[in-house]
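Heads up: the structure comes next, in C-alpha cells.
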Amino acid sequence: MTMERTFEKGIEFAKAMDLKDELRDYRKEFFLQENEIYMDGNSLGMASKPAVESLEKMIERWKVEGVRAWNDLYRYSEKIADLMAPLICASAKEVTVTGSTTANIHQALATFYHPTAKKYKILIDDLNFPTDRYAVESIVQLKGYSAAEGVKVVPSTDGQFIDEEAMIEAMTEDVAVILLPAVLYRSAQLLDMKRLTEEAHKRGILIGFDLCHGIGAVEIDFSVIQPDFAVWCTYKYLNGGFGSTAGLYINQKHFQQTPGLAGWFGNRNDTQFQLKQQFEHQPDASGWQIGSPALFSMATLEGSLQVFKAVGIATIREVSLAKTAYLMYLIDERLTAYGYSYTNKQEDSLRGGHVCVVHREAYRIAAALRDHHVVPDFREPNVIRLAPIALYTSYEDIHKVVDTLEEIVREKIYLNYSNERSAVV
Ligand SMILES: *Cc1c(COP(=O)(O)O)cnc(C)c1O
C-alpha cells in the first residue's frame, strides 16, 4: 500500500512543506550543526537536548548520591523498557534494556536454540548485517555443529531483497529457529513479519527479528505479530548515542524458560540481593539481563524516548514515509540523468526509514558530500544511504542534499577524491 503524495521540484515547495510539517518544532530539540545536513541518523542518531539532560542528571546522581542512588536505579532498565515497549506494541514486561544487539542475539539463541537430531538448523538470510550471522554461526558451533551443517542460509537472488516465498519454502522440518531483520540495512526492505511468523509457527519453528533498522522509524505491532524474540540497538533511530544499551523482547509465552546465559541481574527481583547460590530467574524479560545495567549508556534513552512518547510512532512513520518519498521523487526527477538510482521499493509497506542510493562512483561521491557539509553513510560497493529523519530533517535539507548530489557529478567534483578505502566511513 502506498499513500498518494504529490510533490514539486522547486525549493519553494520544500519550504512550504516545512511550514506544514507537524514535527517541525522538534528540530530545535536536536543539536543540529550550523551549515551541516546530517543524513546518517539510521547509523547513529543525533544528540538531543532531552537525551543529554537525562544523562547529566544521571552523572549528578553519581556525584551526589553515590551508591545510595543504586537503591532505586538498579531496576532502571525496567523504566526504559516502559518507554520502549509502546514502540513495538509489546507489554513492558516483554522488553528488557540490556547489552548490545549482538550480545542479545547470543542470549536469545542460547535460550531458544535447543537442537535435536532432527531439528537443529538456524535459518537466516544472506543480506542481514553480518554480526547477526557471526553470532548464529558461533552458537551452532558451541552446540557441536559446523556452521555449514547448522546454519541454513537463504541466498538473495538479486543481492538486494529477501524473497519471502523462498524463505517460507526454506522453513523445512530440520529448522529449529529463524532469525531475520525487520528492515534490511542496505536496501531498506521492510519484511512482512506477521506472515513470516505465522508460517514459522505453523511448522513448529521459533522465530526472532532484528529490529535495528526498524525501531523508531516504522510501526511494529508485536501484539499481532507475536514473534518469539527480538533484538535491537538504540543508537540509530532512537538517538541513544554511541553504543547505548540495546533492547531484547521475549514473548510472554516464554517467560518460564530458563535464560540461556544466566547472571545475577536475571535473578528474581525479590531475592536478588539475598545473593543465594541457586539461580531463580525473574519470570519476565528482565530475567534475561545478565549483569549490572550500564546506567550511563541507558540514561540518554530516558530523555530521547520522551520525544517518541510525546509524538507517537504512527506520526513519526507517516512523516518519515513522506520525507523519504520526497527524496525518492527528487532522485527520479533530477538525478537519474547523472547515474543515480535507488533500490527502495515504491510501496510504503515495503520500505523502511532510509533511502538506499546507488551510483557507480558512490564512494567518491560520499567523500565529496562530506566536504560539502552533508553527512552521508557509505556501504560497499556502491551504496550511499541517506536517512531523512522525521524528527529533525527538513524538506529544505532534502532539497539541498539533492542539489549537492547533482553538483558533485555534474561538475565532476568526485574526480578529486580517491577511491582508496579508509577504515570508517
Ligand atoms: C546496527 C546493527 C547491528 C549492530 O549490532 P551491535 O551489537 O549493536 O553493535 C546489528 N544488527 C543489525 C541488523 C544492525 O543494523
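Residue numbers in this text run from 1 along the chain shown.
The backbone N, Cα and C atoms fix where each Cβ goes, and this holds for glycine too.
Just so you know, TrEMBL annotations are computer predictions that nobody has curated.
Taken verbatim from TrEMBL:
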type	residues	note
BINDING	T101, T102, F129, P130, T131, D132, D210, H213, Y235, W264	pyridoxal 5'-phosphate binding site
MOD_RES	K236	N6-(pyridoxal phosphate)lysine
Practice task
Fill in the CA-CA distance, F129 (pyridoxal 5'-phosphate binding site) to K236 (N6-(pyridoxal phosphate)lysine), as an integer in Å.
Solution key: 14
Fill in the blank from the handout: Per DSSP (helix/strand/coil reduction), T101 (pyridoxal 5'-phosphate binding site) sits in helix
Practice task
Give me the Cα-Cα distance between D210 (pyridoxal 5'-phosphate binding site) and K236 (N6-(pyridoxal phosphate)lysine), rounded to a whole Å.
Solution key: 13
Exercise for the section: Specify the count of other C-beta atoms within 10 Å of the C-beta of Y235 (pyridoxal 5'-phosphate binding site). Expected result: 23
Handout entry: The one of T101, T131 whose CB sees the fewest other CB atoms within 10 Å, among these binding-site residues
Key = T131
Practice task
Using only the residues recorded as binding pyridoxal 5'-phosphate (T101, T102, F129, P130, T131, D132, D210, H213, Y235, W264), report the maximum Cα-Cα distance in Å, whole number please.
Solution key: 31
Handout entry: Sequence-ordered binding-site residues from F129, T131, Y235 with Cβ under 6 Å of an atom of ligand 1
Key = F129, T131
